[in-house]
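**Student:** Here's a structure for you.
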Amino acid sequence: MAKLSIKGLIESALSFGRTLDSDYPPLQQFFVVMEHCLKHGLKVRKSFLSSNKTIWGPLELVEKLYPEAEEIGASVRDLPGLKTPLGRARAWLRLALMQKKMADYLRCLIIQRDLLSEFYEYHALMMEEEGAVIVGLLVGLNVIDANLCVKGEDLDSQVGVIDFSMYLKNEDDIGNKERNVQIAAILDQKNYVEELNRQLNSTVISLHSRVDSLEKSNTKLIEELAIAKNNIIKLQEENHQLRSENKLILMKTQQHLEVTKVDVEAELQTYKHSRQGLDEMYNEARRQLRDESQLRQDVENELAVQVSMKHEIELAMKLLEKDIHEKQDTLIGLRQQLEEVKAINIEMYQKLQGSEDSMKEKNEIIARLEEKTNKITVAMRQLEQRLQQAEKAQMEAEDEDKKHLQECQSKSDSLQKQISQKEKQLAQLETDLKIEKEWRQTLQEDLQKEKDALSHLRNETGQLISLKKEFLNLQDENQQLKKIYHEQEQALQELGNKLSESKLKIEDIKEANKALQGLVWLKDKEATHCKLCEKEFSLSKRKTWQLLHLHVSQTLHLLLLLLCHQLQYQYALVLDSVVRRTKE
């Protein structure tokens, strides 16, 4: 009965030749048959008071399986006159027929048999293969245009009885087959055009989705470029800081070299003056013998002060060593930063390659879009040719069938309206194509901007390479300055060794003086023999030994004075140099 009702509805609609109303009997019988098909094998839901057997439950599943059916469900629930689930199910079937999507909705239900098993028995029509056959027959109903008013009808209290007399064949219907065949051909062309329009709409939607995806990818690329630019700016600031620090180190080393040069020149001049002063001091030594006792005390006090100064010098040397270690640590940190800069440059280069690949992919996508637009234009031209052929067939049908002019005029008016709608759709498609061309132009401009950015990044990488070379040159200069610093330290160590040797000589001379000071000359009467060799003394030998003793004591005093002056001068030079270095 479902096959007969669907076939009879399609044939009568084609012969009727206009949109169907709710009062059309074949249409009413179709809804009754569909209601019986959906009720077949339906499980009864029992409660305490009564038992319900409605088809509204499985139809509500369509909203979850097919998102486009949410509008129908919402509109059915909003209808004011419907109170029972059966009335809602009848309204749902009418709205689905008007949308020409009844077959699609029921196909979603038949596929999900696990969900349908909650509502139907295993032997139900919707659970077997016959249900799939009925859904396939429902596809033919897309040919029919139905205009049904659901608000005013009393769908809750209608009685679903099948009228079998409508499906018995009459002899009068056989004579109208030729006319129906011609009208069917025209309607087939109309349906073909509608399907083509649907396909074009689907392609336009897919193009819009692809354009949106391209826009999102472009925004992501722009954000990545902004992040890369920020990283480059940070690296530039770090490079400027490193340059400033290197300049400060160079200034300090130059100042240190100038100070050391001045110290060396001062030492040479003082050495020359000291030689002249020593010659003069040797001549004036005899006059200053009386002041030696006071000078010795002063020298001892100064020695104590110098010992304390020596401890301070040692502390200063330790501080200098700590500064050197800290500078070495800073150099290690700078090397690590350079390695990080290298890693960042490598990452930037990889990102640039990835952006170039993405740009190539975008160009390929644009080429594909152009090919699709060309295909769409070719399809539109073919549609225009087919429309022209349909108009010619219409003219021939009008010449042959003058009796049915009124019906054909109404059909031609409807076709003209559809053609005007298609022309509007063509205009919309042309505007969409213009928009896509504009998008393409903007994408090309963005590509050029990205190429400019790539060239700018390459220039910046070249600048970074030049900065690396300058940094290596600065490292070489720093190593040279370190060598000079080590040489100066070795010179200070040699000065310290010389000072220690001179101190040892002074102590030996002091011990000799003390040994001589403890001895006293005997009187001439008492000193008759030598205590070492036990020889007799004479007056001449006695005087010669006294003169030798005086001469030796004088020479020892002179040597002590010279060594004390040298020690004072060398300590003063060392203290000045150490104080200057600590200040630097």
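Cβ coordinates come from backbone N, Cα and C, glycine included.
Just so you know, TrEMBL annotations never went through curation; they're auto-generated.
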**Student:** Need the matching range: TrEMBL marks region 'Disordered' on one of 392-419, 476-503, and I'd like to know which.
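**Tutor:** Within the set 392-419, 476-503, TrEMBL attaches region 'Disordered' to 392-419.
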**Student:** Would you please say which range out of 36-70, 176-210, 211-245, 281-315 has the annotation coiled coil in TrEMBL?
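**Tutor:** In TrEMBL, the coiled coil feature sits at 211-245.
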**Student:** Pull the DSSP breakdown for the domain 'RUN' (21-153) and write it out as helix, strand, coil residue counts.
**Tutor:** 81 helix, 7 strand, 45 coil
